Amino acid sequence: MSSRIDRDVINALIAGHFADPFSVLGMHQTQAGLEVRALLPDATDVWVIEPKTGRKVGKLECLDARGFFCGVLPRRKNFFRYQLAVVWHGQQNLIDDPYRFGPLIQEMDAWLLSEGTHLRPYETLGAHADTMDGVTGTRFSVWAPNARRVSVVGQFNYWDGRRHPMRLRKESGIWELFIPGAHNGQLYKFELLDANGNLRIKADPYAFEAQMRPETASMICGLPEKVTQSEERQKANQFDAPISIYEVHLGSWRRHTDNNFWLSYRELADQLVPYAKWMGFTHLELLPVNEHPFDGSWGYQPTGLYAPTRRFGTRDDFRYFINAAHAAGLNVILDWVPGHFPSDDFSLAEFDGTHLYEHSDPREGYHQDWNTLIYNYGRREVSNYLVGNALYWMERFGIDALRVDAVASMIYRDYSRKEGEWIPNEFGGRENLEAIEFLRNTNRIIGEQVPGAVSMAEESTDFSGVTRPPETGGLGFWFKWNLGWMHDTLDYMKLDPVYRQYHHDKLTFGMLYNHTENFVLPLSHDEVVHGKKSILDRMPGDAWQKFANLRAYYGWMWAFPGKKLLFMGNEFAQGREWNHDASLDWHLLEGGDNWHHGVQRLVRDLNHTYRHHKALHELDFDAYGFEWLVVDDNERSVLIFVRRDKAGNEIIVASNFTPVPRYDYRFGVNQPGRWREILNTDSMHYHGSNTGNGGVVHSDEIESHGRQHSLRLTLPPLATIWLMREGE
């Protein structure tokens with residue numbers, strides 16, 4: 001036995017309490033010659049093998065029955081490649097010793113990770129197939145600076161934490177190990193002896209694939225190839241582009257009718273993608289697909305930020321789905337949740353026995369609304385983990401945009417908290433300065449590294465500058481959900497038409513602040529759950545009036561400045577609330593033509609017409625693109641405005657939000673001439689009453705509303721019409 005190996009060290013190593021396994025295991029120079037040491041539980045015999053010749057150059061002595069072997073090669077002084085021939089249960093196995101390989105992480109990578117400025121930390125941390133010194137295997141690395149010991153456990157070592165303890169890189173707090181023979185498809189986790197001496201089994205924060213819930217292991221999976229964003233996809237995200245988003249929960253869009261099981265990613269590629277294209281949508285927005293343990297969270301409590309959920313297939317199946325969407329001309333938006341994470345033991349919570357990813361004080365680190373933990377954005381490594389994740393989805397999967405969830409909960413320390421339940425920032429204010437800087441930095445990096453990709457904020461307050469560039473004090477998002485518009489307009493639409501005249505401002509107020517941000521008009525999943533009813537069911541009146549109200553509302557929404565977002569099921573007026581455990585009510589579209597078909601046809605026509613006419617989308621965020629023609633006729637609940645493109649072409653939009661047709665309704669126009677009715681939500685095609693203007697109307701040289709020329713229209717009941725100028 002080497003005099004250098006103390007019995008206490010062997011005991012600590014075997015017990016899993018030794019933090020520096022490379023100082024003991026592997027090949028070491030001693031005065032007696034090269035000494036090879038190995039910890040091989042359950043082995044009976046071990047030889048050192050020279051790979052070139054296959055010759056046994058020495059036998060290791062078992063110094064501890066629990067599996068510690070040691071042997072001196074007296075004629076050898078210089079390190080050489082070797083293997084170990086190990087006899088387990090009477091059978092000899094030839095293995096490469098993990099402890100003969102040097103440090104894995106380059107000094108520059110280690111420094112960047114410590115500084116929190118590594119743009120792509122996922123290329124270094126996690127599990128990566130590799131070849132070292134001619135040996136194939138997988139290199140593992142994990143950030144756990146306060147752990148006393150970390151081991152890789154998995155299918156390749158019987159989930160035994162004694163077999164593969166890792167090397168600590170003290171300068172960065174990262175543990176690393178190359179395990180020969182570990183390969184793609186095998187499951188693994190990290191076993192940590194934490195800062196308090198407790199044993200923890202953790203999934204890899206950087207795992208590229210994970211087990212199907214309720215199992216929680218990570219899976220070795222190669223890093224996807226980089227994806228470049230085409231010029232067409234970049235243009236589709238621009239401010240002047242038509243953007244109509246179909247928001248989808250993959251687990252409940254459609255299910256197998258025989259067993260209510262989910263469609264796979266590939267089945268969704270074959271069914272959802274062509275449907276969204278046929279409907280005329282430009283973008284698909286996916287509720288979070290990051291791995292998550294609880295179906296009822298809809299993905300908004302993720303435990304595997306880098307792993308697409310296995311519910312619908314493999315990582316490569318998900319890439320197939322994204323590619324299919326792109327091939328169909330659809331950009332893909334991913335709901336992204338950097339605001340909080342669940343407290344499940346296998347995930348990030350108290351990762352190394354300390355509050356590593358979250359704040360230690362619950363007034364900063366605990367989200368009482370969702371029973372989740374809040375990221376510590378002030379810790380550089382944590383922010384780096386999240387920023388890297390944003391780039392990962394965009395660069396490795398071709399995600400075109402990220403919609404950031406619950407931004408308000410991130411940027412305000414007192415969000416949903418009473419007095420005494422939150423801690424002010426260093427200046428005594430309520431803003432979370434670290435979260436604000438994190439968002440600015442993330443958006444800045446997206447703009448620099450992935451030209452054409454964009455981000456969208458679900459931000460529910462009046463925080464100033466959400467879509468202003470970081471250098472001018474903004475958060476740097478490209479778009480912001482206009483939740484104020486959504487609440488105001490739905491509050492208006494649910495009113496009996498008799499009372500709408502007293503709430504006219506609900507529809508007009510949005511234009512007072514419309515140009516303060518780059519807005520998306522969202523009718524999202526949040527509006528059809530938790531007792532809010534479906535959008536259809538909020539409409540007043542009998543069945544005919546409900547559908548007419550909904551059609552009029554959609555016609556108003558698609559013409560109003562801002563990009564469009566519609567949650568699945570709303571496009572055919574599903575009558576019940578969304579249920580994540582069941583398919584949409586596709587049976588409503590079965591049988592003969594009905595009101596649901598009418599709404600579906602309307603949404604399809606809205607999308608295609610909206611995309612065709614630049615006036616409806618080119619100047620969403622420019623005051624020149626919108627002008628009221630009639631804004632004060634609250635008694636008749638009539639509103640008329642014009643949309644305009646850069647060339648000055650106009651489309652007139654007129655809405656009548658009462659069930660009373662308005663005949664001979666005169667209003668002034670900017671451009672005299674012949675106007676064609678290009679869309680009428682009351683058309684019989686959509687199961688309306690078919691009241692309208694016979695296709696074409698001509699202006700009169702009669703002054704109205706301060707304009708020299710005017711139109712005299714029939715405004716259908718509970719309807720919106722669009723008119724395009726055809727000529728003089």
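Quick reminder: no glycine exception, Cβ is built from N, Cα and C everywhere.
As given in Swiss-Prot:
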type     : residues : note
ACT_SITE : Asp405   : active site, nucleophile
ACT_SITE : Glu458   : active site, proton donor
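A simple way to gauge crowding: the CB of Asp405 (active site, nucleophile) has 19 other CB atoms within 10 angstroms, across all the protein chains here.
Packing around the residue listed as 'active site, proton donor' is summarised by its Cβ count: 21 other Cβ atoms lie within 10 angstroms of its Cβ, all protein chains included. Cα spacing between Asp405 (active site, nucleophile) and Glu458 (active site, proton donor): 5 Å, rounded to the nearest whole number.
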